[in-house]
Each structure stands twice: as C-alpha cells, then as structure tokens.
Amino acid sequence: MRFRTWLRASAALWLAPLALALIVLYFYGGHLADYRPGDPRLGYAPRTVSAVLLSVYPLIYATAVALGAWESGRLRRDGVWALGPARSRAGLIAQALAPVWLLAGLMIGLAIGLALVHEGQAPTVASLVLPGMAWALAIAHSLIGFAAGLVLPRIVVAPVLALAVFYAVAAAWSYEPFWLRHISGQYPGELGFGQLPTAASVGAPVLFAGAIALGLTLLTTPVWRPVWRVGCAVAGCLAMLGGTVGAYAMVRDWGHSPSASTGHAQVRCAGDELPVCVPAATAGDLPAVRADIGETLRLLTDAGVPVEPPARVEDRLIAEGERPPDTWRLPLTSLHSADTTQLAVVDTVVVFPCAEPDGTTARTVMLWAAGVAGVADDYLQRQREELLVYQDGAQILDEIVEQAVAVTELSPAEQADWYRNTLAAACAPGESAGGA
Amino acid sequence: MRWWLRARRALSVLLVALGVFTAAVMVLGDATVELPSLLSGSANPVLFVLMAPIPVVAALELSLGSRLVEAEETATRRVRALDSGLVIGVCATALAVGGAIHLLTGNEHAVASGRNVVFLTGLLLCVRVFVGQPAIAAPVLWVFAVIFVGYSGGGHWAFWTVLPKPSGDAPAALAAMLALTIGLLLHGTVRRTVAPSIT
C-alpha cells in the first residue's frame with residue numbers, strides 16, 4: 001500500500017489533531033499549574049518526564065484501545081479476512097495498527113518534549129524508561145481493542161472501551177487495594193531527584209496488559225485444526241490468567257508508592273575530615289556549604305556546646321539506603337539557596353533528651369545557640385512565622401528574646417553551664433519556662 | 001414491521017444495551033473518581049455513571065445503521081417514522097429505568113442518567129446525518145469534554161456540560177429535550193446518499 005493511502009485509510013489520522021491538541025492543552029492548562037520544578041540546576045530529566053506523564057497515561061491508552069477496535073472493525077467490514085491469504089495475519093494486523101502506534105508514540109513524545117523543552121533539559125536514556133513503558137502498554141491496548149473489534153461491532157466496542165479504559169486507568173490511583181494502581185499502567189507517582197523506577201514497577205503493568213493482549217489475540221486467531229483451536233484457546237486463557245496473577249504477585253506487598261531505586265544522580269563530595277556531598281549539578285555550592293557547616297560547628301564547640309561532629313554530611317537528594325548513625329542528611333541544596341545552612345546545623349546539633357521539651361525553654365535554648373552561630377535573626381524570623389498560629393505568640397517571642405539576651409550577658413563559662421542545665425530542665429516534668 | 005425490527009437487531013442489540021445500562025446505573029451509583037482536568041489543573045471529581053449512557057447510544061447507532069438499503073429506500077412503509085419511534089422508545093425506556101432505580105434505591109443520579117441517554121442520543125442523531133457511522137465519536141467526545149474542561153472547581157459544573165447536572169436541573173432537561181427534537185427532525189428530513197455499511 002502506498003504510504004499516503006495507508007495513512008489516510010486509518011482513523012488514527014483523523015483523531016490525531018484532537019488527541020495531540022488535548023496533550024498540548026493539558027500541558028499548558030493542567031500540568032504547569034501543578035508542577036513544582038525545584039532547583040533548576042538539578043535538571044533531572046526522569047523527574048520531569050514522570051511528572052508530565054502522570055495524567056496523560058489514561059488518555060493515551062484510551063486512544064489506543066478505541067482506535068485498535070475501530071481499525072479491526074474496518075478490516076472486518078471490508079472483508080479483508082475473507083480474502084485469500086496472500087499476506088500473513090500478523091503483517092495485516094501490524095499494518096492496520098501501525099498508525100495507532102505511531103499516534104500513541106507522538107502523544108507520548110509531545111508530552112515529554114514539551115516538558116523537557118520547558119525545563120530546558122536534555123532527555124537521558126534513563127528518563128525514557130517510563131515513556132517506553134507507556135508506549136509498550138499503548139501497543140498492548142491497541143491489540144486488546146483489535147481483538148475485541150474482531151468479535152463485537154466496532155460502533156459499540158470502540159466508545160465503550162475508550163471510556164472504560166480511561167476511567168479504569170485514571171481511577172486505579174484513587175482506590176485500594178494498592179496493587180490495582182501498580183498494574184494499571186499509570187506509574188503512580190513523581191520520581192524524586194536521583195530516583196528511577198525499578199524493573200518490577202515497570203514490568204508489572206507491561207506483564208498484565210501484555211498478557212491480556214496476547215491472550216485475546218490467541219483467542220481470536222482462527223485456526224483450522226480442531227486440536228490447535230483448543231490449544232490456542234487454552235493457551236490464551238492461561239496467558240491472561242498467568243499474566244494477571246504474575247503481575248499481582250509482583251506488586252501485592254507494595255504500599256501506595258511504587259518501588260523506585262535511588263542514588264542515580266552523580267554525586268560530588270569535598271573535604272577529608274568532614275566530607276560533604278551534594279549532587280554534581282550543584283557542586284558549585286560545595287565550598288560555601290562546607291564553610292558554613294565547619295564554621296557553625298566550630299562556633300558551637302567554642303561556646304561549650306557538646307558537639308559530636310558527623311562523619312559525613314550528605315544532601316537528602318542523593319540519600320541512598322539506610323542512614324548510618326554518624327551521617328547527617330540535610331536538604332543542602334535547598335538550604336543553601338535559602339541561605340539557612342547554619343541554622344539547619346544548629347537544629348541538628350541541639351538535641352533535647354526528650355521528644356517534647358517545654359516550648360518556651362526549648363525556644364530560648366535554640367535562640368541562644370542560633371545567636372552563637374550568628375544566625376539569631378534567621379531563627380527569630382522562623383519563630384515569628386511558627387508562632388503566628390498561637391494567640392499569645394508575640395508574648396512568647398518577647399519572652400524568649402528577653403531570656404536569651406540575659407544569658408548572653410553572662411561569662412562564656414556560665415553560658416556553657418546554663419546551656420547544659422537548661423537542656424535538661426526543658427525536659428524535666430512539672431518544670432515550666434525559665435532557668436535563665 | 002417484523003422484518004424492520006429484525007433488520008434493526010432491536011432485540012439482540014438494544015435490549016442487551018439497555019440491560020448493560022441498567023446494571024451500570026445500579027452498580028456505579030454515585031461513586032466518583034478523581035480525574036485530571038485541563039482547567040483546575042488538579043484532579044476533579046467525576047461521576048462514574050457519566051459513562052453509563054454510552055453503551056445505549058452506541059447500540060442505537062448500530063441499530064439505526066443496520067439497514068436493508070435497497071428495500072428501505074423503496075419501501076411503502078414509513079421506515080423513518082418507525083426509526084423515530086424506536087429512538088423515542090429507547091429513550092423512554094432509559095428514563096423509566098432511571099426512575100425505577102431511583103424509587104428502588106434512592107439513587108440521586110439514576111434519573112439524570114436516563115436524561116443523559118436522551119441528550120446523547122439527540123447529539124448522535126444530529127451528527128450522524130452528516131458524517132455517518134463515525135458520529136458515535138460525538139457522545140464519547142462530549143463525555144471527555146465534560147471531564148477535561150467542564151469542572152471549574154468548588155462542585156460547580158459549566159452550564160453546557162448537561163451530563164453531571166442533578167436530576168431536577170431544568171436547563172439540562174430542556175437541553176436534552178431540545179437535542180432529541182432537533183436530532184429526530186434531522187433524522188426525518190436529511191437524506192444521506194452514502195451507502196451505509198453493515199458491521
């Protein structure tokens with residue numbers, strides 16, 4: 001068939017403008033309003049791609065299944081299956097469905113292309129895993145539609161399947177049990193920096209939809225020999241059952257989030273005595289971050305605060321696995337851009353011996369420690385926002401400022417003693433504010 | 001008349017579709033699902049039952065499209081009038097089913113689902129005289145339009161959506177009546193010369 005004829009014969013061509021327009025509208029209308037891009041220097045393409053695809057999976061699958069059913073009905077109407085077998089059945093199906101696959105690919109490509117261009121990022125191989133899964137599932141859905149269109153009239157099957165698939169895939173996210181969402185084909189979450197989907201989280205939906213597609217295709221393939229016909233039917237049912245059970249077994253223990261593997265971002269560390277690690281993309285911050293951390297620890301130690309220096313400080317973005325006890329994990333990149341690294345170090349060093357210390361006392365201690373590190377203003381700013389919700393917030397604020405100022409007038413040794421005593425006093429039962 | 005009924009596959013197609021509609025309205029009830037929207041960005045609550053009329057409308061298109069062209073074009077019986085009767089009958093049955101379910105289960109959206117059948121059928125009839133079989137895309141696209149751009153937040157649906165409006169909504173009922181009337185008028189007057197196909 002000539003290329004133009006082949007394309008013009010397919011309903012995919014007529015639906016393409018609408019489907020692609022919906023993707024563009026969705027990107028500008030829905031996605032940009034919701035998406036929080038984070039630090040632009042990080043530029044992690046898998047995250048961008050996973051976020052933009054989140055809401056377009058159902059649309060892509062619905063398009064594929066409806067067009068698959070419509071095309072199969074067209075072949076049936078035109079009596080193609082009654083002709084002499086000059087061409088293989090698989091070839092015919094592929095030729096009829098290729099425009100559908102092309103359209104699904106275009107929809108996926110357009111969505112991720114818009115997102116990546118908007119963020120100014122280049123796609124990486126790892127970032128194409130989810131689009132690849134979406135495309136594989138679109139092909140599976142088109143085959144499901146094709147098989148249904150062979151048996152039932154396309155006028156009924158195409159619209160019903162389109163809506164059913166759209167609703168089912170989009171709704172799986174808001175319903176329990178959780179395994180529904182993990183095999184629905186909608187990767188139910190946005191990847192974080194340095195995260196990639198695991199093979200199982202991509203494989204389970206592909207296995208599920210692929211097995212249904214394979215099973216239905218086997219069931220609708222005409223075979224002459226009776227023995228083979230029975231064999232085909234049995235194999236088709238087994239494939240559908242096996243795929244569903246297999247996919248379920250893969251994901252049944254998962255919670256609401258799909259499994260993702262971490263630590264795929266490039267890491268840059270600096271320092272021998274106190275190694276500090278951040279994503280390579282923000283390694284420019286490293287000297288300043290290290291200086292902030294080292295300086296704050298030194299100031300606190302000099303003031304008599306017992307400091308256990310960490311063996312390693314790493315950005316939470318690159319965290320991988322369980323945290324070793326002597327490693328600090330701080331959101332260094334966002335802390336540095338907000339210029340609050342020192343305050344975060346104070347937060348980490350000053351640890352009360354109980355879970356709920358007395359509010360005013362604890363705030364006084366924190367304000368004093370922040371003053372030692374030279375960031376008292378940052379701390380007060382944060383407290384002002386926190387205390388807004390209390391009726392007597394302004395009063396508490398005045399009180400802690402007054403107490404902390406009184407402490408700073410003592411001698412350094414007395415201040416260190418005060419710190420140790422007050423840390424314990426904040427946790428003593430029945431003891432209210434005070435100590436200074 | 002019996003042959004006309006046979007040709008329209010009234011029993012095998014329409015009754016099954018109405019059965020599916022009944023089951024769908026009963027089972028789906030007033031369950032909603034959060035779907036992506038183009039206007040509000042975040043998810044919007046869409047009733048599951050919005051999709052219930054689609055099987056009926058699709059079956060009606062299949063039924064009306066199953067014609068014995070030569071015999072019907074030269075018939076002395078008034079086939080178009082019979083077709084109109086069939087359409088009205090299906091719509092009335094859908095409304096009756098909705099009413100019955102409302103009385104039985106107190107489901108608030110059952111009658112509205114019947115009204116939606118009327119509306120989408122009218123829409124289908126309006127479009128099919130111009131484009132033929134692919135007209136079935138019109139009701140489906142309407143449902144998608146409602147999902148994507150019909151919701152403007154705060155439980156408020158735009159006036160043109162019709163489908164998610166409650167049973168007692170007068171403009172929606174009027175829109176359904178109007179759509180069906182125009183559809184039937186077009187169905188009775190416009191003649192398509194393209195050879196229809198039997199699928």
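Note that Cβ sites are derived from N, Cα and C of the backbone, with glycine treated the same way.
A TrEMBL annotation is a machine prediction, not a hand-curated record.
Predicted, not measured: the structure shown is a model, and the values here were computed from it.
Residues or ranges marked as transmembrane segment by TrEMBL: A:12-29, A:49-70, A:91-116, A:128-148, A:155-175, A:195-218, A:230-251. Look at TrEMBL and you will find A:276-425 tagged as domain 'DUF7224'.
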Model confidence over the domain 'DUF7224' (A:276-425), averaged pLDDT: 82
Tally of residues which DSSP labels helix, strand or coil - the domain 'DUF7224' (A:276-425): 98 helix, 12 strand, 40 coil
Stretch with greatest number of CB pairs under 8 Å, the transmembrane segment (A:155-175) reference, A:12-29, A:49-70, A:91-116, A:128-148, A:230-251 candidates: A:49-70
Contacting positions for the transmembrane segment (A:128-148) when only residues 6+ beyond its ends and CB under 8 Å are counted: 46, 49-50, 53, 57, 60-61, 63-72, 93, 96-97, 100-101, 104-105, 108-109, 112, 157-158, 161, 165, 185, 187, 196-197, 202, 205-206, 209-210, 212-214, 216-217, 219-220
